[in-house]
Amino acid sequence: MGSKKVAENFTRAGNVNFNGNFCPVLQDKKFRYGTAGFRYPNEEMTFIAFRIGFLASLRARSLNQVVGVMVTASHNPTGDNGVKIIEPTGHMLENDWEHLATELVNANDTEFEELASSTEKSIMEKTGLKTETIPDNAKIFIGSDTRDSSPWLMRAVARGAEFGRVLKVNEFVNFTTPQLHYIVYATNKPNLSFDRLAPVRKTTDAFFEFIKRCPSKQLENYKPSLIVDCANGVGALWVLEYLNHPEQKNFPMNITLKNDAKDAAANEYLNRDCGADFVKLWRTFPRGFKNVPSETRCAALDGDADRLVYFYSNNNGVFILLDGDQIAALYAKFLIKQLELLGAKDLSIGVVQTAYANGNSSRYFRSLGIEPAIVATGVKNLHPKSETYDIGIYFEANGHGTVTFSEKFWDFVKETPADPEPKIMLRLFSQIINDIVGDGIADLFAVEAILRYFDWSIGDWASKIYTDVPSAQLKIPFRDRSIFQTTPDETRLIKPEVMQKEIDVWVSKFHGARAFVRPSGTEPIVRIYAEADTDENALHLAYRIAHVVDKNYPIPFELPEIE
Ligand SMILES: CC(=O)N[C@H]1[C@@H](OP(=O)(O)O)O[C@H](CO)[C@@H](O)[C@@H]1O
Ligand SMILES: [Mg+2]
């Protein structure tokens, strides 16, 4: 192995902490490449980052391409951090490699040396290359958002890559997760010129062209201004950059940022009582929104800006959330309309959701003649399913999603003389969004474009598509999540069997209800989701299920008593 190149203060296992002090690889803890890579308290992350850097270098060498590693813990509290590998296509890491990652990270200090060496040998053998080969295009792009633990972890990733013999490393500090995905994709694509601003330009060039062509010239309901909660994360550095465009003076968009700390306070307040996850979970305004007038369009990103939700309070003072399901529905309405106008019957259109999708959103898609596919939580599961359609719309209810397009679609929208207007609008829409991965900021511009196209206020959007069936979500701290096993769509527990039986009994006592328990892949918690006929009943049912968990595996805090 390339041990000589490893910086002195990193052992081969990568077990050094922030200050350069020795920090042993935790032997008594099992780590898992979860829903979105490894995500743990940042002081546990150094050796993981090192080993992931190593694995990413093997991936890059075996494919002779650029591979990305993003350092982020997204919507998690500031004390956490994480790493995930981005494939040369810009997509999530392949399943087999996730297993390799888990194996490498769980090896102890002595095992790691041996395992790293045998892994390198077998991977290179499979690709038909000599073990030491380092192909020219093998490179690692390391990205990070604004967490203050990130610079150190980026170094650990770089050292890991060096250990895996890849010395070509580019750093993208203060980038959003989706931007790094796009940059990795674009760099690997022959004939696609790219620079650090490529994701921004792609979105805004198409956005301004789209709004120039919108059918309603006299806007009655849509107002081109909104307030964006940046979760005190990396989005605060980027949103206004997207408006830095020559057409902004002709078609001004007025965006006010909130929770946009960029200094030390950013880390202290990152995702704290703000951001897309907070708004979705608590269905309430984030901090700093007290004096916002009713009917004002507001949106929230999460810490690494890959999620987006909208919200407002209506004239009766009721808080209304427009989450990922509502964004998917808005996209579907627009896309179907363009296909209808074009009479393009042979392009398939599909929707992919998870068990957390609001029941009424799935019913809405059925009313459009689309049976939504339900897959397990995590973009890594939604994205590939979405790619089975010519136009695949996928969203997690929490606001993470995008639209994917097939080769047939790209052929269809290819520019030709005298293109009909709906074809141009389809083409522009496909350029506004980041079709490589869900992107909070690109989705924000896509939503704004469509609202303008229909000349809708946020109230129109909330009332003209569907309204949510009441739902509630709870997070329960849980140490050993491995005792839970769910069905592939995650709506039922296979283990512990007895718990599913008790859940069924409670669900049957509520009207129009459903509920499930699922272990989180990103936090040491289990999640409870419930739907029922009223908000109160949904919450009541969720707490009932929490009591079921507590009865079987006592929860370390008091649950509210329920009648
Ligand atoms: C219910 C929920 O919102 N789960 C989130 C959350 O995963 P969990 O495995 O549920 O912790 O974080 C993932 C990564 O951001 C995201 O993809 C997913 O949707
Ligand atoms: Mg995120």
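For all residues, glycine too, the Cβ spot is worked out from N, Cα and C.
Automatic, uncurated: that is what TrEMBL annotation is.
The domain 'Alpha-D-phosphohexomutase alpha/beta/alpha' annotation in TrEMBL covers 58-109.
Positions annotated as active site, phosphoserine intermediate by TrEMBL: SER74. Classification of SER74 (active site, phosphoserine intermediate) by DSSP places it in coil, neither helical nor stranded. Annotation for SER74 (active site, phosphoserine intermediate): spatial neighbours ALA36, ARG39, GLY82, THR177, ASP302, GLY303, ASP304, ASP306, ARG307, THR522, criterion Cβ-Cβ under 8 Å with sequence separation of six or more.
Per TrEMBL, the feature Mg(2+) binding site maps to SER74, ASP302, ASP304, ASP306. Secondary structure from DSSP puts ASP302 (Mg(2+) binding site) in coil.
Per-residue confidence over the domain 'Phosphoacetylglucosamine mutase AMG1' (223-309) averages 95 (mean pLDDT, predicted model). Per TrEMBL, the feature domain 'Phosphoacetylglucosamine mutase AMG1' maps to 223-309 (among others).
Under the heading domain 'Phosphoacetylglucosamine mutase AMG1', TrEMBL lists 323-456 (among others). Per-class residue totals from DSSP over the domain 'Phosphoacetylglucosamine mutase AMG1' (323-456), listed helix then strand then coil: 70 helix, 17 strand, 47 coil.
Here TrEMBL flags GLU396, ALA397, ASN398, ARG518, PRO519, SER520, GLY521, THR522, ARG527 as substrate binding site. Sequence-distant contacts of ARG527 (substrate binding site), defined as residues of its own chain at least six apart whose C-beta falls under 8 angstroms from its C-beta, comprise GLN473, LEU474, LYS475, ILE476, VAL517, ARG518, PRO519, SER520.
Broken down by DSSP into helix, strand and coil, the domain 'Alpha-D-phosphohexomutase C-terminal' (497-546) contains 24 helix, 13 strand, 13 coil. Annotation source TrEMBL lists domain 'Alpha-D-phosphohexomutase C-terminal' at 497-546.
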Proximity of the domain 'Phosphoacetylglucosamine mutase AMG1' (223-309) to the domain 'Alpha-D-phosphohexomutase C-terminal' (497-546), 3+ C-beta pairs under 8 angstroms: no
Position of peak Cβ density within 10 Å, selected from the binding-site residues ASP302, GLU396: ASP302
Counts by DSSP class (helix H/G/I, strand E/B, coil) across the domain 'Phosphoacetylglucosamine mutase AMG1' (223-309): 27 helix, 16 strand, 44 coil
Chain-internal residues, separated by at least six, CB under 8 A from ASN398 (substrate binding site): ALA276, ASP277, LYS280, ARG307, VAL309, ASP323, GLY324, TYR356
Neighbourhood of ligand 2 - recorded positions from SER74, ASP306, GLU396, ASN398 with Cβ under 6 Å: SER74, ASP306
